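Engineer: Taken from Swiss-Prot, the feature active site, proton acceptor covers E93. The domain 'Radical SAM core' feature in Swiss-Prot is assigned to 99-331; the stated evidence is sequence analysis. Among the features that Swiss-Prot reports, disulfide bond is placed at C106-C336. Summarising the annotation, Swiss-Prot assigns [4Fe-4S] cluster binding site to C113, C117, C120 and lists sequence analysis as the type of evidence. Residues annotated as S-adenosyl-L-methionine binding site in Swiss-Prot, with sequence analysis given as evidence: G162, E163, S194, S216, L217, H218, N293. What Swiss-Prot lists as active site, S-methylcysteine intermediate is C336.
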Amino acid sequence: MTEKINLLNLSETELQGFIASQGQPLYRATQLLQWIHQRGVTDFSLMTDLSKPFRQQLSEASFVRVPELALERVSADGTHKWLFRLADNNKIETVFIPDRKRGTLCVSSQVGCALNCSFCATGKEGFNRNLTLAEIIGQVWLAARLLKSPYKITNVVMMGMGEPLLNYEAVVAAMHLMMHDHAYGLSKYRVTLSTSGVIPAMRRLREESPVSLAVSLHAPNDALRNVLIPLNKKYSLDQLIPLCRDYYSRGSKRCVTFEYVMIEGMNDRLIDAKQLIRLLADVPCKINLIPFNSFQGTAYRCSTESAISVFQKCLMDAGFNTRVRRTRGDDIAGACGQLAGQFHDRTGRHQRWVQKQGHDFNRPIPAIDH
């Protein structure tokens, strides 16, 4: 007997192939996209503009399954953080950040993270596996159903757990669905992928997906970036910066956004700002300064407000569009760099971290009753 297929795990092209294999016209794929993503229907029997024989055919050959809600927390500032349970019982985190007329969903791409950035809680938890397409787009599907009016998803950022470009195929397919007119209909300007700088995948992304690009920079030189982002030892700044400079075509109004976490005494001095100015001198870009969000066991501390202000002014005086990202959801460990999830670490990285610190830093998350 042929194994049933989770339709959420199919790209648009694969869904069309599945429809053709069922002897149906291709417009059925569009109908399914609308039922599943726009209307949130996963029960084929309720898809009333499909014929009864086709609905029966679908139920025999396929299903629609999303991750399930394990826990939810809501911050004092309105930020929502969800812990989603996957079929293998690993759990990932997804965050929704409301802001006036805008609602940004921060989506995870891996169970844990394959990288080990020193300032990020996810990296200290280790790594289990890549998420499937169904598990990535399923976060968007679930969030859209869990949010109550007036909250609405207007933007998606691939900035949750994991390095998106180390899960390229599933992430790009999911972002395509986010922008698809018959799914979530988001503009390419409202879907952003953040990467630590996986150079080959960045080159491929530039050719294959129109989404906005953000780069986790966090340091103005290789020596410091090697400490903060070990991936830099493989893909150094002399490879990363030229690619960012030429990522969008000349004359385009679009530019790369650089993310720069502000860590006291490490990368927040005036000399660091001046070095950053020289590094990015000919790169069309925006710069987001991110106050460091602490997590248990880290020795890092956030820069002072005055240090951040001086740093920002130095960059702005040099002509850089620079903003300080307002910290959201830190009271529920939902801010940038704080996502951890709950999963089995296949790398042993988390256990080494625990042994080094002397105790376990897994944080229990209280549930909200539904």
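Keep in mind that glycine also has a Cβ here, set from the backbone N, Cα and C atoms.
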Engineer: Near N293 (S-adenosyl-L-methionine binding site), which of the recorded positions E93, C106, C113, C117, C120 can be found within 10 Å, Cα to Cα?
Structural biologist: C120
Engineer: Can you work out the mean pLDDT of the predicted model over the domain 'Radical SAM core' (99-331)?
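Structural biologist: The predicted confidence over the domain 'Radical SAM core' (99-331), as a mean pLDDT, is 95.
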Engineer: Sorry to bug you, but what's the C-alpha spacing from C106 (disulfide bond) to C113 ([4Fe-4S] cluster binding site), rounded to the closest Å?
Structural biologist: 15
Engineer: Long-range same-chain neighbours of S216 (S-adenosyl-L-methionine binding site), Cβ under 8 Å, sequence gap at least 6?
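Structural biologist: Sequence-distant Cβ neighbours: C117, S194, T195, S196, G197, I229, E259.
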Engineer: If you measure C-alpha to C-alpha, which of E93, C120, G162, E163, L217, H218 (recorded positions) come within 10 angstroms of C106 (disulfide bond)?
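Structural biologist: If one measures from the Cα of C106 (disulfide bond), the recorded positions that come within 10 Å are E93.
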Engineer: Out of C117, L217, which of the binding-site residues has the smallest number of neighbouring Cβ atoms within 10 Å?
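Structural biologist: Counting other Cβ atoms within 10 Å of each of the binding-site residues C117, L217, the minimum falls on C117.
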Engineer: S-adenosyl-L-methionine site residues G162, E163, S194, S216, L217, H218, N293: biggest Cα-Cα distance, Å?
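Structural biologist: Between the outermost Cα atoms of G162, E163, S194, S216, L217, H218, N293, the distance is 19 Å.
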Engineer: From the Cα of the residue listed as 'active site, proton acceptor' across to the Cα of H218 (S-adenosyl-L-methionine binding site), what is the distance in angstrom?
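Structural biologist: Between the Cα atoms of H218 (S-adenosyl-L-methionine binding site) and the residue listed as 'active site, proton acceptor', the distance comes to 23 Å.
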Engineer: Taking Cα atoms as reference points, rank the binding-site residues C120, G162, E163, L217 by distance from E93 (active site, proton acceptor) and give the first.
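Structural biologist: Ranked by Cα distance from E93 (active site, proton acceptor), first place goes to G162.
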Engineer: At the level of the C-alpha atoms, what whole-angstrom distance separates C120 ([4Fe-4S] cluster binding site) and E163 (S-adenosyl-L-methionine binding site)?
Structural biologist: 12
